[in-house]
Amino acid sequence: MSAGRLWSSLLLLLPLFCSKSSSCGLSTHVEIGHRALEFLRLQDGRINYKELILEHQDAYQAGTVFPDAFYPSICKRGKYHDVSERTHWTPFLNASIHYIRENYPLPWEKDTEKLVAFLFGITSHMVADLSWHNLGFLRTMGAIDFYNSYSDAHSAGDFGGDVLSQFEFNFNYLSRRWYVPVRDLLRIYDNLYGRKVITKDVLVDCTYLQFLEMHGEMFAVSKLYSTYSTKSPFLVEQFQDYFLGGLDDMAFWSTNIYRLTSFMLENGTSDCNLPENPLFISCDGRNHTLSGSKVQKNDFHRNLTMFISRDIRKNLNYTERGVFYSTGSWARPESVTFMYQTLERNLRLMLAGSSQKNLNHVSSPSASYTLSVPYARLGWVMTSADLNQDGHGDLVVGAPGYSHPGRFQIGRVYIIYGNDLGLPPIDLDLNKEGILEGFQPSGRFGSALAVLDFNQDGLPDLAVGAPSVGSGQLTYNGSVYVYYGSQQGRLSSSPNVTISCKDTYCNLGWTLLATDADGDGRHDLVISSPFAPGGRKQKGIVATFYSHPRRNDKELLTLEEADWKVNGEEDFSWFGYSLHGVTVANRSLLLIGSPTWKNVSRMARSSHKKNQEEKSLGKVYGYFLPNRQSTITISGDKAMGKLGTSLSSGYVRVNGTLTQVLLVGAPTHDDVSKMAFLTMTLHQGGATRMYELAPEKTQPALLSTFSGDRRFSRFGSVLHLTDLDDDGLDEIIMAAPLRITDVTSGLLGGEDGRVYIYNGMYTTLGDMTGKCKSWMTPCPEEKAQYVLTSPEASSRFGSSLVSVRSKGRNQVVVAAGRSSWGARLSGALHVYSFSSD
């Protein structure tokens, strides 16, 4: 078959294979398996399983997708649906372990090694599906974006995850051939069922369809990014990071099942507890406190059929125990993928060459800091303070995804000390700088940071959030650790105070803030978790612990001991997603964002259950502490806008008048773009509102608005005000971390990101980005004093940012959360220096 004919066949096959079938998720499962292997270390036993799997990637990758092979109707009209269903549960793993131990004693030959690698891939799929389908991700996605419809989220999420994977991640590790241990699988199924339930031809045909689909996804699936981004902002924002069922959480659970599988392969199952749900397997005498449930993961099928033509079968190579699938010439570099990449490069060069250089663009940072550890999430959160009391600002950076071999996502915090020149003006690998390291498996230490004097000894202390502590028990309670400062300017090497939460899925420490909560003029510790139950489901919790000199060393506190605590008002409203403290007329005002608030009370009065105008409006609450009743409320007015995702405040001149302002981000707000006489909707382009904080007014008055200029850019998802030119006014800094450079928003390019800096002297009333000299609106660049552009494509430049002040200069540090400069998706920090000239 020619490359063109096969390419056409793949385009036809993809929608048939994926539409409304839970057999999709091939790219997602392959990516999970790849990440799980990165930090795998199984110390006990006679076999180096990591080396074995690395040697047999062809079998391992095929195994990560295999359990879904027989679900879709395209596979023999769905006749073997039950075979796929049974492959997802512990009895299949148990049968496989016994089969290998009975038939293939150590040392193993190569075919048996491939069988073992294939089995490891299957176990990854098992536990990943449970987190994705049954426990966490899709259920929350349904609640947030699909009116509590799990089935709608399921339909969009399975294939949408593949679209997002292909758009955001580089699959250059994908093996060009796969191996399926056909003979061994047939015998395992015979043992599992006690009879013959499937034939060799069915097994080969249906797994080969998976192989073709996986490589078909590599060609064109990423071009559907805009479709699935529009359907579900939650999918785009939480796909990798969500605490229960996000990619990294599924990779963590894969490493757990690998440890158990290796133990059973070498020692048998007699010392193991094997419930039907593989998440609850244990071989150490301990079991999880949660009870497992078996939920059938497939609900949708079509009566479709397809056969594999004879001329495609020439890419199958049978062996005594299995079959190899290969791509042939159609997937080589000169294929469609290569043509897409070449077209993208040429268009980028053409656009760059034809456009006049913008004088306000800053494309080169003064320094960049990286890590050589993949998936570290460097710069997930940052703060600055003079920790060593030398008069210079220091930079504190969280990397909650940092891992060691055998210690997945324990997390780290890095401290970079400033001097007369500010932060070090050279590129750094931060592993050589000051470090605090987490100690709980997948605890994600470093997810939140706050600097305050918690024990009031005159020295700055550091609070660090680890919201996924307890993930190994499926409780995700979370913890906050406080490290006391010392006279030597260094922090304690171990936490002096630990604050914990007893509620399942509490996620304590997701956000931290230092602000004066009791009116004594000293900062106190504010802790929030938008995912905490709050009495029901993800209402969110915000709590405050006052700083005082009676704080003891090695103190253990619980959330119930908080001095001040407030819950969200609606399920899945994510109260506490953002926090900001500000002083207004000598009173402490705590602002709390609830971006997925949807006005349930008004929805209940509506005659339409699915009122499109009520979803994720967002809301901001303002509390004059220590009052527990909100005095200020600001509500969103646009469905899916998520007002309150970000908050910041400062002083600027508005039409020449000095004004204390509050900025509120709505990064998934839709806007209208005008291009000459044409108009189009900028879905999730993002907007920011600027309000006046006036002591004589009960509610803040809206002054100005800012809007992004690209679809899906999330303009305003990060906000910051700081005085960069020492004129007594704050500059307004806004980030659009998902901004795609080309106007097609997904057909070419990736999530590059961009940061805009507006001079605080020149803000005006009304639409700041709508009055444009150019032929296109909005125009966020025109009024900006500086536009920081990403030095790396597809890096989510602007995922977080912070300002650092020293005696000699003011600096802005911008994180690129998906940078691969140091290692794959490890993150990077870029430093920009500004003077008062």
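Cβ coordinates are placed from backbone N, Cα and C, and glycine is handled just like the others.
Bear in mind that the values here come from a model prediction, so they are computed numbers and not experimental data.
According to Swiss-Prot, the feature N-linked glycosylation site maps to Asn94 (among others), an assignment based on sequence analysis. Secondary structure from DSSP puts Asn94 (N-linked glycosylation site) in a helix.
For Asn267 (among others), the entry in Swiss-Prot reads N-linked glycosylation site. For the recorded site, Asn267 (N-linked glycosylation site), the DSSP three-state label reads helix.
The N-linked glycosylation site annotation in Swiss-Prot covers Asn287 (among others) and is backed by sequence analysis.
Look at Swiss-Prot and you will find Asn303 (among others) tagged as N-linked glycosylation site, backed by sequence analysis.
In three-state terms derived from DSSP, Asn317 (N-linked glycosylation site) belongs to an extended strand segment. Within its own chain, Asn317 (N-linked glycosylation site) has Val323, Phe324, Ser326 as residues 6 or more apart in sequence whose C-beta sits under 8 angstroms from its own. Taken from Swiss-Prot, the feature N-linked glycosylation site applies to Asn317 (among others).
Sequence annotations record features per position, and here Swiss-Prot assigns N-linked glycosylation site to Asn477 (among others). Secondary structure at Asn477 (N-linked glycosylation site), as computed by DSSP, is coil.
Taken from Swiss-Prot, the feature N-linked glycosylation site covers Asn496 (among others). Reduced to three states, the DSSP call for Asn496 (N-linked glycosylation site) is coil.
Residues or ranges marked as N-linked glycosylation site by Swiss-Prot on the basis of sequence analysis: Asn586 (among others). Following the DSSP three-state reduction, the secondary structure of Asn586 (N-linked glycosylation site) is coil.
In sequence order, Glu614, Leu617, Ser635 make up the list of same-chain residues 6 or more apart from Asn599 (N-linked glycosylation site) whose Cβ falls under 8 Å from its Cβ. Annotation source Swiss-Prot lists N-linked glycosylation site at Asn599 (among others).
Per Swiss-Prot, N-linked glycosylation site is recorded for Asn655 (among others). Sequence-distant contacts (6 or more apart, same chain, Cβ under 8 Å) of Asn655 (N-linked glycosylation site) comprise Thr763, Thr764, Leu765.
What Swiss-Prot lists as repeat 'FG-GAP 1' is 364-425, and the listing cites sequence analysis.
Annotation comment: Swiss-Prot describes 431-492 as repeat 'FG-GAP 2', evidence class sequence analysis.
If you average pLDDT over the repeat 'FG-GAP 3' (494-554) in this model, you get 96. Positions annotated as repeat 'FG-GAP 3' by Swiss-Prot, on the basis of sequence analysis: 494-554.
Annotation source Swiss-Prot lists repeat 'FG-GAP 4' at 561-619, citing sequence analysis.
Taken through DSSP, the repeat 'FG-GAP 5' (629-689) splits into 0 helix, 37 strand, 24 coil. According to Swiss-Prot, the repeat 'FG-GAP 5' annotation covers 629-689, on the basis of sequence analysis.
If you look up Swiss-Prot, you'll see 701-767 marked as repeat 'FG-GAP 6', on the strength of sequence analysis.
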Local Cβ density at Asn586 (N-linked glycosylation site) - other Cβ atoms counted within 10 Å: 7
Most Cβ neighbours inside 10 Å, all chains, among the glycosylation sites Asn94, Asn267, Asn477, Asn496: Asn477
Distance [Cα-Cα, Å, rounded] between Asn94 (N-linked glycosylation site) and Asn496 (N-linked glycosylation site): 45
Inter-residue Cα distance where the pair is Asn586 (N-linked glycosylation site) and Asn496 (N-linked glycosylation site), in Å: 32
Contact yes or no, the repeat 'FG-GAP 1' (364-425) and the repeat 'FG-GAP 7' (785-837), 3+ Cβ pairs under 8 Å, gap 6+: yes
Between Asn477 (N-linked glycosylation site) and Asn267 (N-linked glycosylation site): CA-CA distance (Å): 33
